[in-house]
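Read the structure below first, then the notes.
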Amino acid sequence: MRTRIPTYWISFGIIVALAVWLMAGPVQTAQTEAPEATKQEKGAPTKVAYKVAQAETIKKALEIQGQIDVWREVNLQSRLGSTVEKVTAERGRRVSEGDLLLTLSEEDLPAQMAQAKAQVDVARSELKAAKSLMQRGLQAETELKAKQAALASAEAAVARLEQDLKHTRIHAPFAGVIEDRMVELGQTVQEGVTLVRLIDDHKLKLMGQAPQQQVGLLSIGQPVTAHLLNGETLTGSVTYIAAQADPNTRSFTVEAELDNPQRLRLAGSTATLNIDVGDVLAHRISAALLSLDEKGRLSVEYLDADQRVARTPVERIRASNTELWVSGLPETVKLITMGRGYAKLGEKVDATPEEELLKHDQDKDEEPDADSASLAMKQAVN
């Protein structure tokens, strides 16, 4: 026996099907109309904004990362075997040139000196007598020369002992700071043992590596500025440029002398060295205008004389947190500041000066509908 479907269920199904059909009609229409609208948008020239920039003459600086070292340091060594008799050198103490740092015992040097001087007196007397005898023909010339040699030997012995006595007093060869002392009072030292290490920090030396492509820009005496990690700066000049590149890095060692009037403790730290290599024409631009070309080079997009999008590689000259100076652009150039992401290289665009666009936007601030071109620019920037 067949079950009969109620009439109201059939009516309900028809109504649902009709509703679905009616809803599908507008959707299909929207899908077929959208491509035409897209085609119209694609046919219109891309809108961009530009700013006219003029090149300026600035100082070009080669930037090198380097390490700071003391200007000079010396290990003061014992010149004779002796005992430490007096210590005036303490670690960290600042000294002037000629200051006494350490005294070694003279041991028996004074006695040796007295004996050597007596030998000089004897040699002089014997030489005087030999000369007198020779004048009377009673002395051979060879005997006279032997007496002269004996006197010279005695005088040399005195000179050596004078040096030994001098070496018992260790003086600072230059003004600086005592970095370390290796001996203590009463300690016996041998000849050649390091006693004190003295460093000169009134100047500093910064060493870095210059790329082989740019080493030709450098010369001795060029002014430099070192930027320290703590924000301070030191000034100086280039003192050394290697004649041969490092075989591993193909870069050239560069050294600069930096003035350090405040005696800052910077040896061993790193710094950025900016070397002034002359004047160059450059544009000041926002870092946001930089992009990479197909070769991975920094580049900037601009408008050529036909209002077409062009791009050229640039070289960074100087930089800050918000802007930078670059070279490589035409002296007067229209920089694309808005809409760059929508325009292709070589495309002729609808370009508007940035200042006009900004002024237009200000005038439209309180109107409910913004100008479509201005709105597109804002969307491009965002």
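Including glycine, each Cβ sits where the backbone N, Cα and C put it.
TrEMBL annotations: computationally assigned, not manually curated.
According to TrEMBL, the features are:
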type	residues	note
DOMAIN	74-198	domain 'CzcB-like barrel-sandwich hybrid'
COILED	113-171	coiled coil
DOMAIN	209-275	domain 'CusB-like beta-barrel'
COMPBIAS	346-363	compositional bias 'Basic and acidic residues'
REGION	346-382	region 'Disordered'
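If you average pLDDT over the coiled coil (113-171) in this model, you get 88. Note: the domain 'CzcB-like barrel-sandwich hybrid' (74-198) comprises 53 helix, 33 strand, 39 coil (DSSP; helix = H, G, I, strand = E, B). Across the domain 'CusB-like beta-barrel' (209-275), the DSSP tally of helix, strand and coil residues reads 3 helix, 33 strand, 31 coil.
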